[in-house]
Amino acid sequence: MKKYYDIIENAYLKKNEVNTKNIDIETKQTIHHVIELLNSGKIRVAEKKDNIWITNQWIKKSILLYMYLNQNNVFQGSFSNYYDKIPLKYENYNEKKFKEERIRVVPPATIRYGSFINSNTIIMPSYVNIGAYVDQGTMIDTWTTVGSCAQIGKNVHLSGGVGIGGVLEPLQNNPTIIEDNCFIGARSEIVEGVIIEEGSVISMGVFIGQSTKIYNRETGEILYGRVPANSVVVSGSLPSKDRKYNLYAAVIVKRVDSKTLNKVEINQLLRDK
């Protein structure tokens, strides 16, 4: 992998000079192979090491180079043709392949090549961008968007119309991460590299970016960019410094352990505020 890293880093330094006509064969093959590895889940843009999420920026650079160098092509679909630089992930799948991977994809869901979808996953009509990683047992409901490089954990439920923000540029930005066993309520937006930690429940219509205040009503603590594990979060507001108006905030109304989460319905947790 070190060889790939060096080739990609060197190519990215020259990205404004490189094009389809002058790129060398080794660099082109490396870029395509990195995207193949992403597509198969053998590498990922971000991974958790020693309980800390680490972003592999060189993989993001590979995606950008792939997009710079690819030409638009026509892709055939059952309902429409498409014209894009990145092919569709499942354009060559047959029934046997879907069954082997235990994935259900409902039309007209769009999943771009270079994203990874693990087994036992259901994808309703939605959009999954390149570089995204969706782990096993996850449900992506209707009109949900999983942005570029977003990381979705195991047994996650992304409800209808949810937006999970993508990030390719600026390079220093980290991807949005939804950890294992989370529930994201309908029409919520989690963006700008925010991390929703394991076992959290986000109510309908909650918007969280890096500048959003995340208020823990039990402790009075205000967080940014991270929802702690096993939190139940709803939309709310906090008074301004001069107390003349209120500003939007996400409010942690309670924390629940995994046993409670397994026993109690999500709707009940949100009602008992």
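The backbone N, Cα and C atoms fix where each Cβ goes, and this holds for glycine too.
Bear in mind that the values here come from a model prediction, so they are computed numbers and not experimental data.
As annotated by Swiss-Prot, substrate binding site applies to R104, D141, with the evidence given as sequence analysis.
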In all the protein chains shown, the tally of other Cβ atoms within 10 Å of the Cβ of R104 (substrate binding site) is 14
Let me check the 10 A CB neighbour count of D141 (substrate binding site). How many other CB atoms are there?
18
In terms of DSSP three-state secondary structure, what is the assignment for D141 (substrate binding site)?
coil
For R104 (substrate binding site), which DSSP three-state class applies?
strand
